[in-house]
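Single-structure report; data block below.
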Amino acid sequence: MAPNNPRYNSIPAFHEKLLKSKRILAICGAGLSAASGLPTFRGAGGLWRNHEATSLATPAAFEDNPGLVWLFYAYRRHMALTAQPNAGHHALAALARKLPGGFLCLSQNVDGLHPRAGHPAEQLRLLHGSLFDIKCNEYCGWIQRDNFDDPFCPALAAASVDVNPGETLPLLDPGQPLAEIPRKEIPKCPNCTAGLQRPGVVWFYESLDEEMMSGVDRWIKDEPVDVVLVIGTSSQVYPAAGYAEKARGKNTSVVTVNLEPEGEVKLARKQDFVFAGDAAVLLPQLLEPIIGKPRRDGTYTP
Ligand code: APR
């Protein structure tokens, strides 16, 4: 689809489709939280100190150096707690409230911003878990939900330091050596006591929750999906990246909302839409026929 296609950035054409739609699926990624100040994984912002963010997100990395992996996640927990949900999260939460049976949001984001925007839990599937769930790394099944301790434990205090604007957090300065955090400083699983507590997120080489995935499949198959919103994701990680095509039927429009949607422009079919820009700016505009205008503070009437 060339940028001169009427469906490229055409909000009126999308509104026409939206108003005829009964079932909407959203698939969100890190770009949705970019306007809240949280870095994405790939491209600029994908490095944490001198580590690729994705190389720290594996069971092997945790096994090798749980202190380092925990520092990375403790920092992300602190950043996420300091951040606020943006207008995009609020618009999706408002859409969920307006369409209780007709909208399901799948999010790869673990930052807790969807729930904090008031997104109804039954219309939200956190595909990759949450930074605020803690579980046992030995798979004994122990899990603690909504742990907002910051710092998570005394050994990780360096990740919860705030600096003045323009200053670099000492933890993030690759020029400063990183203190080794010995294994024994990481809290043990209170259930089996053999395992260590770890972030309740899905790492590379791990599977998503099966029950959640079959629920999503059932929702998709139940009735045709009219619109799939693909928001702020590079669509490189499966199964999340496969849901748009899974939900595609004869009349489904796949709608890409991305700051840099080059690849998606090429893949789009004639019924699809592509919107280039910040999800936090675009989502309130795109969804306005259903959710109305936001209040002054960016939220919507509950
Ligand atoms: N608005 C919309 N899109 C944006 C914005 C923005 N303000 N800023 C960046 N983007 C887009 C980028 O162009 C990119 O396509 O968001 C996308 C972010 O891609 P990734 O960093 O790859 O994040 P994501 O797709 O969520 O990654 C998937 O990979 O590392 C794992 O588990 C991690 O959940 C994550 C998964």
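Glycine residues also receive a Cβ, built from the backbone N, Cα and C atoms like all the rest.
The active site, proton acceptor feature in TrEMBL is assigned to H128. Remark: H128 (active site, proton acceptor) has Q108, N109, V110, V201, V202, L208, A240 as non-local neighbours, by Cβ distance under 8 Å and separation of at least 6 in sequence.
A sphere of 10 angstroms centred on the C-beta of C189 (Zn(2+) binding site) encloses 22 other C-beta atoms. Taken from TrEMBL, the feature Zn(2+) binding site covers C136, C140, C189, C192.
Annotation comment: TrEMBL describes 4-294 as domain 'Deacetylase sirtuin-type'.
There are 22 other Cβ atoms within 10 Å of the Cβ belonging to C136 (Zn(2+) binding site). Among the recorded positions listed (H128, C136, C140, C189, C192), H128 have a CB atom closer than 6 Å to some atom of ligand 1, in sequence order. For the recorded site, C136 (Zn(2+) binding site), the DSSP three-state label reads strand.
Secondary structure from DSSP puts C189 (Zn(2+) binding site) in coil. Compute the center of the Cβ atoms of C136, C140, C189, C192, which mark the site for Zn(2+); besides them, the chain residues with Cβ within 8 Å of that center are N137, E138, Y139, G141, W142, P190, N191, T193, A194, G195.
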